[in-house]
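Here the structure comes first, spelled out in structure tokens, and everything after it is commentary.
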Amino acid sequence: MLVLLAGIFVVHIATVIMLFVSTIANVWMVDSSSTRTISAGLWLLCNKTCTQLPLTSQDEASLKVVQAFMILSIIFSVVALILFIIQLFTLEKGKRFYMTGAVMLVCWMCILIAVSIYTARFTGRKLYFTNPHHGYCFILAWICFCFSFIIGILYLVLRKK
């Protein structure tokens, strides 16, 4: 049981770190050619220097929603980690980590909303790219989506023995 708790804890910390990286770094969409590499994230467009993303008013609203939900997912993931540590030492034997699981599933929903909106609105657009493909931050966000769902379900099922 201790090994399972430790494993879940490590995966949860890895998920928090990957959420931070995917939100902060500006590599959600990439255009690589032989002469240049351009990357765009949630915050900036980077060529050799980074500048503000040139967006229309509709795209700006969508991007603000993606930014907000990614930040919310980080907050909920950290809160779930703190709740897990608190419940680990205060719960009686045989009780389940319901609160931790519920908060982690809210984090999962925030990631789902953010990445789905980004996929629908910004994937494959050729505003600043000629041959766009997904960057590592986009992929990390989807990995965090999977991990947060698995961790949330495990917290709901897991009993403290």
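Using the three backbone atoms N, Cα and C, a Cβ is placed for every residue, glycine included.
What TrEMBL annotates here:
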| type | residues | note |
| --- | --- | --- |
| TRANSMEM | 7-29 | transmembrane segment |
| TRANSMEM | 65-85 | transmembrane segment |
| TRANSMEM | 97-118 | transmembrane segment |
| TRANSMEM | 138-158 | transmembrane segment |
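Sequence-distant contacts of the transmembrane segment (138-158), counting only residues of its own chain at least 6 positions beyond either end whose CB sits under 8 Å from a CB of the stretch, comprise 4-5, 8, 11-12, 14-15, 18-19, 21-22, 27-29, 70, 73, 77, 80, 84, 96-98, 100-102, 104-105, 107-108, 111-112, 114-115, 118.
Within the chain carrying the transmembrane segment (65-85), a Cβ under 8 angstroms from the stretch's Cβ atoms is held by residues 8-9, 12-13, 15-16, 19-20, 22-23, 42-43, 97, 99-100, 103-104, 106-107, 110-111, 113-115, 117-118, 141, 144, 148, 151-152, 155, all 6 or more beyond its ends.
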